[in-house]
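Undergrad: The following block contains the structure, expressed as structure tokens.
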Amino acid sequence: MYNLSCYNPDSFILVGIPGLEKFHIWIGIPFCIIYVVAIVGNCILLYLIAVEQSLHEPMFFFLAMLASTDLILSTATVPKLLSNVWLKTKGITFSGCLTQMFFLHFSFVVDSAILLAMAFDRYVAICFPLRYNTILTPQVIIKLVVSIVVRSFSVILPDVFLLKRLPFCGTRIIPHTYCEHIGVARLSSADISINIWYGFAVPLMTVISDVIFITISYTFILRAVFQLSSRGARQKALTTCGAHVCVILMFYTPAFFSILAHRFGHSVPRHVLILFDNLYVAIPPALNPIVYGVKTKQIQEKFILLFSLKEMQ
């Protein structure tokens with residue numbers, strides 16, 4: 001029998017980056033810059049898509065969703081990291097820890113689903129160009145958005161209840177900069193086998209299924225592209241997918257590397273893993289709007305027009 005207070009701990013302590021305490025102030029500087037770039041870049045992207053009528057297309061609607069989710073992902077983790085390394089506010093309430101964990105994992109699964117939706121959008125645009133507007137109608141897009149949110153919510157919400165059922169009578173010190181499901185569960189003295197199986201298997205299988213369907217979509221896209229007779233048409237079709245492929249690689253490559261490093265990289269120093277975890281949740285939200293700004297002609301033109309008008313005023 002556990003004391004009732006074990007089930008409702010007041011707070012946890014986020015250590016930060018163990019072993020690099022004397023460098024914490026300097027570590028915070030690049031993360032602050034990256035976070036500011038992410039906020040400014042994604043807000044500009046959302047503004048352009050909202051005010052420009054020519055960007056009111058399915059592809060840019062999914063891009064706006066991606067920008068919104070990236071804002072949630074970076075805001076769920078980076079501000080707490082900065083307060084930890086600069087202000088030494090290492091405490092976090094139990095409810096605050098659960099909230100941070102939920103939005104961290106939720107935004108990750110949503111991001112993955114949005115990338116799948118964007119792959120489907122490119123598949124329809126290239127393989128069925130004449131039927132694009134009849135297939136991706138506003139009603140279909142709304143159904144896709146609802147299914148993305150409901151699926152992600154349903155997958156991640158059980159994590160909260162799996163943690164709330166656990167007693168935390170021992171140490172409440174988390175050797176990390178943010179709360180994540182398995183890391184918090186390991187502080188409990190109870191059996192956490194359900195947490196481990198669900199925490200790894202269900203979200204991982206969800207993301208892997210997204211990767212499989214994205215790969216299938218791009219297999220059909222490439223087959224359709226290389227059947228085009230004109231070299232210019234092939235180049236144009238591949239260019240429209242360039243930004244999306246870059247974002248896919250930036251999202252999934254470090255994600256799977258992080259999973260493999262935590263699972264098999266026992267010789268890797270812990271502070272290296274924690275630094276990589278933080279870079280992974282900070283850098284993609286900052287780079288995504290830059291990639292789409294550089295690779296997408298419509299956004300590039302509207303961005304230049306926006307700032308040229310401000311300079312004229």
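Even glycines carry a Cβ here, placed using N, Cα and C.
According to TrEMBL:
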DOMAIN    41-292  domain 'G-protein coupled receptors family 1 profile'
TRANSMEM  23-48  transmembrane segment
TRANSMEM  60-82  transmembrane segment
TRANSMEM  102-120  transmembrane segment
TRANSMEM  140-157  transmembrane segment
TRANSMEM  196-225  transmembrane segment
TRANSMEM  237-260  transmembrane segment
TRANSMEM  272-294  transmembrane segment
Undergrad: Check the transmembrane segment (60-82) against each of 102-120, 140-157, 196-225, 237-260, 272-294 and return whichever range has the most CB pairs under 8 Å.
TA: 102-120
Undergrad: Can you see whether the transmembrane segment (237-260) and the transmembrane segment (102-120) are touching - at least 3 CB pairs under 8 angstroms, only pairs 6 or more apart in sequence?
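TA: Yes, the transmembrane segment (237-260) contacts the transmembrane segment (102-120).
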Undergrad: In terms of Cβ proximity under 8 Å, which residues at least six beyond the ends of the transmembrane segment (196-225) contact it?
TA: 105, 108-109, 112-113, 115-116, 119-120, 122-123, 126-127, 151, 155-156, 158-159, 162, 181-182, 185, 234, 237-238, 241, 245, 248, 252, 255, 259
